[in-house]
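Student: What follows is a single structure, and I will ask about it in a moment.
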């Protein structure tokens with residue numbers, strides 16, 4: 001059964017598309033059962049985070065469109081909307097993908113550790129739903145081993161290197177008394193969540209989260225001991241902000257120059273650090289013309305992030321090598337497992353032949369037939385039955401000139417190649433002798449006539 005990894009992530013799809021395919025954690029068990037029954041899958045696991053939705057699945061066929069069709073139907077999403085953002089990884093690429101994801105090599109933030117916990121959650125949910133078999137079980141264990149080795153043997157997670165971290169670092173350069181400061185975060189997506197996390201780690205005094213969807217703002221605020229509000233409340237609460245970080249998907253500015261100007265006056269011209277991470281921009285660029293406003297965009301942070309990325313390229317290269325090593329180990333296990341299944345099947349067939357032939361021999365003996373002749377019949381019949389299938393395969397390979405297949409068969413059956421060649425030469429000599437004798441006989445017959 002082929003293995004697939006099917007889904008989308010932060011590189012292939014915007015937040016709006018990712019949200020449409022995200023699975024509710026409480027309903028994931030039912031979704032797993034549905035995926036298994038409707039696609040005919042042998043095994044299935046679903047990884048759903050704010051950055052990605054991925055289905056790892058073993059199918060009895062090679063058509064991933066069945067899974068894509070199930071996914072869009074189950075999530076009630078228009079296939080045309082999400083199809084351009086989906087990727088399909090097959091076999092070895094699917095194995096490699098899960099290992100890279102688990103190690104943080106496919107994350108928005110290179111090497112971020114949170115993804116490993118999310119992969120483990122996906123594994124446990126699939127196991128609890130009875131949707132894991134030997135193949136996915138072993139694959140997840142190899143993925144966990146990769147993540148652990150990458151953490152232990154490389155510096156991939158030594159320092160956070162994200163736009164969010166760079167933003168907070170820059171804010172701290174302006175305010176050295178962070179515990180006394182208030183941050184207003186506009187938006188509630190992954191980037192803002194990372195900003196909130198780093199602000200908390202740096203000891204920010206208070207966090208206010210403004211978002212069009214207040215429920216999402218509440219969830220984010222509660223996770224960081226903050227306060228939520230709607231975008232309509234933002235102008236009224238903006239004067240409280242020492243730090244403003246905005247990242248929404250709005251096509252128009254959220255904060256105009258006039259709103260910022262009124263907030264600065266209400267603050268009695270105390271400095272305000274503003275970072276606009278959105279594209280298109282959330283904050284009118286004219287707001288940065290005021291003396292007390294320090295307005296930056298994501299482009300102003302790229303240098304910091306790129307420098308940190310360069311400093312960790314060696315670690316990333318080491319991590320990729322670890323992934324490749326584990327992919328090889330997993331493939332070795334898969335091949336050994338597949339061979340084991342073939343061996344068990346072959347032995348089962350041989351034992352079935354033996355039982356049937358033995359039963360026939362017993363009936364012959366019960367009829368009083370000569371035991372020696374029965375033994376001769378038994379050995380001849382059993383040998384013929386056991387070698388029939390390999391013989392048919394060898395003849396088919398010989399007929400097509402497939403020498404590689406013949407060589408593999410000889411090695412598998414432990415047949416000496418030199419013995420085969422000597423036997424072939426002997427057959428040729430015998431045939432030549434027979435041809436010569438026939439020719440002499442023809443001459444004798446001609447002379448005697």
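We count from 1, first residue shown onward.
Note: Cβ is positioned from N, Cα and C throughout, glycine not excepted.
Pasting the relevant annotations from Swiss-Prot:
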ACT_SITE  50  active site, nucleophile
BINDING   49, 50, 51, 52, 107, 112, 113, 114, 118  substrate binding site
BINDING   187, 188, 189, 190, 191, 192  NADP(+) binding site
COMPBIAS  440-449  compositional bias 'Basic and acidic residues'
REGION    418-449  region 'Disordered'
SITE      97  site 'Important for activity'
Student: Work through the recorded positions one by one (50, 97, 107, 118) and name whichever has its CA nearest to the CA of residue 190 (NADP(+) binding site).
Tutor: 50
Student: Look up residue 192 (NADP(+) binding site) in the DSSP assignment and reduce it to helix, strand or coil.
Tutor: helix
Student: Here are the binding-site residues: 188, 192. Which has the lowest count of other Cβ atoms within 10 Å?
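Tutor: Sparsest of the binding-site residues 188, 192 by Cβ contacts within 10 Å: 192.
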Student: Say you check the Cα of residue 191 (NADP(+) binding site) against those of the binding-site residues 49, 51, 107; which is nearest?
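Tutor: Comparing Cα positions, the candidate nearest residue 191 (NADP(+) binding site) turns out to be 51.
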Student: Do you know which of the binding-site residues 113, 187, 189 has the most other C-beta atoms within 10 angstroms of its C-beta?
Tutor: 187
Student: Report the nearest neighbour of residue 49 (substrate binding site) in space among the recorded positions 97, 187, 189, 192, comparing Cα positions.
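Tutor: So, spelling it out, the nearest of the recorded positions is 189.
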Student: Tell me which of the binding-site residues 187, 188, 192 ends up closest to residue 113 (substrate binding site) in space, Cα to Cα.
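Tutor: For residue 113 (substrate binding site), the closest Cα among 187, 188, 192 is found at 192.
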